[in-house]
Structure formats: structure tokens, C-alpha cells
Amino acid sequence: METLKYLVGYPPHVLARVQALIEQGRLGEVLNNKYDQLHAVRTDGQLYDYVQALKERHLRQSVPLGKVLYDSKLQVMKHALGTHTSISRVHGGKLKASREIRIATVFRDAPAEFLKMIAVHELAHLKEAEHDKAFYRLCTHMEPDYHQLEFDMRLYLTHLEAGAR
Ligand SMILES: [Zn+2]
């Protein structure tokens, strides 16, 4: 059985089911049936507005957003979940932080739900650095279906990669 690199850490019976779908050539179909909504967030400006609107709704109190952009150089393999850079500079003893959010370009053409999932993930990092309980609590606060979406997004990346071979 091939390693499913986007699904490392999921239980063996789950992986076996995914593997079976791949072998039957049905993974894409299953995903398409479930996620048939595209989104219209095409440019970095639109992406900024989109992320900012989510932040306004759920995380008004956290640090302001810096840049928000699609990044075609993000390696989906290494950073499947985007990166969240904290740019901190010390000014006369005071720490000033602004937050830059980069989202892999693959999400520009992904179903709407996956863009939302990745945006929620990156926004949650404004408050929680680690992938711990507090972090995922925040994710599910912003998107109740977060865990399912993250899993399905990993399936989506697995499918894209299989198609590209
Ligand atoms: Zn993360």
C-alpha cells in the first residue's frame, strides 16, 4: 500500500477505505458529489477581504491582519495547510506584530468549503500557535464542520496529486 502522505496519522481502517476508493478510481467522484460549490475569490485583494470578513465575524479582538495572499511557491507537500508567519519587530523595547497569511494557490480553484477551512485554520493561528486543543476549539468555533472539512481537504490534495501522475 502506498503511503498517503496527506493522511499521515489517520487510523488504518480509514486509510484502507481511501486506498480502496483510489484503486476503484472513485475518489474524485466522491469528492465532486460532496463539494460542488466553487468560490469567486480569485485575487489577493479578494482573498484579503474574504479572510478579513471571517475575522470580523469571529475573531474581532485578535491582532490585525497584515498581508493576505495566494502563494504559488508554497509547497503543498510541505505546507498543505498554508503558512502563518509572525513578523515581529522590536521597536524601542516594544514588540510590534503583524500577521501575514499565505494560502497555497491550489485553493484558488478548490471547492469553496476548502478555502473556508484553510482560512479558518490560518486565522486560528492568530491566537494559537500550536495545533493543540485550544487551537482546534477555535477552528470549530469558526466552522463547526472543521474536522470533516480538513479530512476531506486532505483527500482532495491526495486526489489532485494522483491525477497529476
Ligand atoms: Zn497550522
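Note that the numbers count up from 1, one per residue, in the order the chain is shown.
Cβ coordinates come from backbone N, Cα and C, glycine included.
Residues annotated as domain 'YgjP-like metallopeptidase' in TrEMBL: 93-150.
As a summary of secondary structure, the domain 'YgjP-like metallopeptidase' (93-150) carries 32 helix, 11 strand, 15 coil according to DSSP. Taken together, the residues of the domain 'YgjP-like metallopeptidase' (93-150) have an average pLDDT of 88.
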